[in-house]
Amino acid sequence: MQNKTGASLGSGARSKGAIVKLFVFLALAIALFVLIKFTNLGGYFSREHVEGALKQLGVYAPIGFVAIYAIATIIGVPGTILTIIGGVIFGSILGTISVVAGATIGACGAFFVSRFLARDFVAEKFMEKQWFKKLDKGIEDQGLYYILFIRLVPLFPFNGINFASGLTSVKFRDYFIGTAVGIIPASFVFVNAASKASDAASKGEASPGLFISLALLGLLTLAPVAYKKYKSTK
C-alpha cells in the first residue's frame, strides 16, 4: 500500500512538473510571437542590419553570421532572408557552409527547448495511446531516416520541425545528423542562386550559372508538389 501511494505521489509530481514546463514553453512561445509581431525584433534580422553588423566584424564575419542565424532559428524567425544574405556576402561555398552551420545550431537549440519544456507533458498525455506508442517507437528506432527525409523534402516549415522533433523520442544524434546533412541541398540551391544573382547584378550581365541556379531553385520549389502528386497516385 505504501509503495502504491509513493508511486502515485511520484507520478503526480512528475505530472505537475510536466505541466509547469509546458506552461513555461507556451509562455515563451507567446512572448516571442508578440515580440516579433508587435515590435521591431524581426527588423534586427533584416538585410540592412545583418550586413551592417557583419561588415564591422571583418574576417570574423562568418562566425558572426552563424551566430545570428542560430539565434534567429531558435526564436523562430524565418531564415530565407539570412540565407540570401549568406549567398550575397560569402558566395556559394562559404555561404552554404555558414548557413548550414547556423541553421543546424539553431535547430538543435530549438530542439532542446522543446524537449526539455514540453516532451514530458506530451509523453504523459498520450503514453497510453497505442498509436502514439507505435509512432514514438518508430521515430526512436528510425529517427535518422525520418529527420533526413523531412529535411530533404521541404514539405514542412523548418522551424516547426525543430520544435516538433523535440516532442518525440528521436535521439539527438539522429536529429543532429539528419538535420545537418538533410538541409545541405536546399541551402546550397538558395545560397547559390543568391550568389549568382548578386554577381549578375554587379557585372550587369547574366551568366549561364545564374540560369542553372534559377532552374535548380525552381525544381526545389516544385519538389513538394511533385511528391504530393506522387503520393496521391499510389
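Every residue gets a Cβ built from N, Cα and C, even glycine.
Residues or ranges marked as domain 'VTT' by TrEMBL: 77-193.
The transmembrane segment feature in TrEMBL is assigned to 18-36 (among others).
The transmembrane segment annotation in TrEMBL covers 57-78 (among others).
Residues 21-22, 24-25, 28, 47, 50-51, 54, 61-62, 65-74, 76, 158-159, 161-167, 172, 175-176, 179-180, 183-184, 187-188, 190-196, 198 of the same chain, all 6+ positions outside the transmembrane segment (84-117), place their C-beta atoms under 8 angstroms from a C-beta of that stretch. Taken from TrEMBL, the feature transmembrane segment covers 84-117 (among others).
What TrEMBL lists as transmembrane segment is 143-163 (among others).
As annotated by TrEMBL, transmembrane segment applies to 175-194 (among others).
The annotation transmembrane segment is assigned in TrEMBL to 206-227 (among others).
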Close approaches to the transmembrane segment (57-78) from elsewhere in its chain (Cβ under 8 angstroms; 6 or more beyond its ends): 32, 36, 41-42, 45, 50, 85-86, 89-90, 94, 97-99, 101-103, 105-107, 109-110, 113, 158-159, 162
Long-range neighbours of the transmembrane segment (143-163), counting only residues six or more past its ends (CB under 8 A): 73, 76, 78-79, 103, 106-107, 110-111, 113-114, 169-171, 174-175, 177-179, 181-183, 185-186, 220, 223-224, 227-228
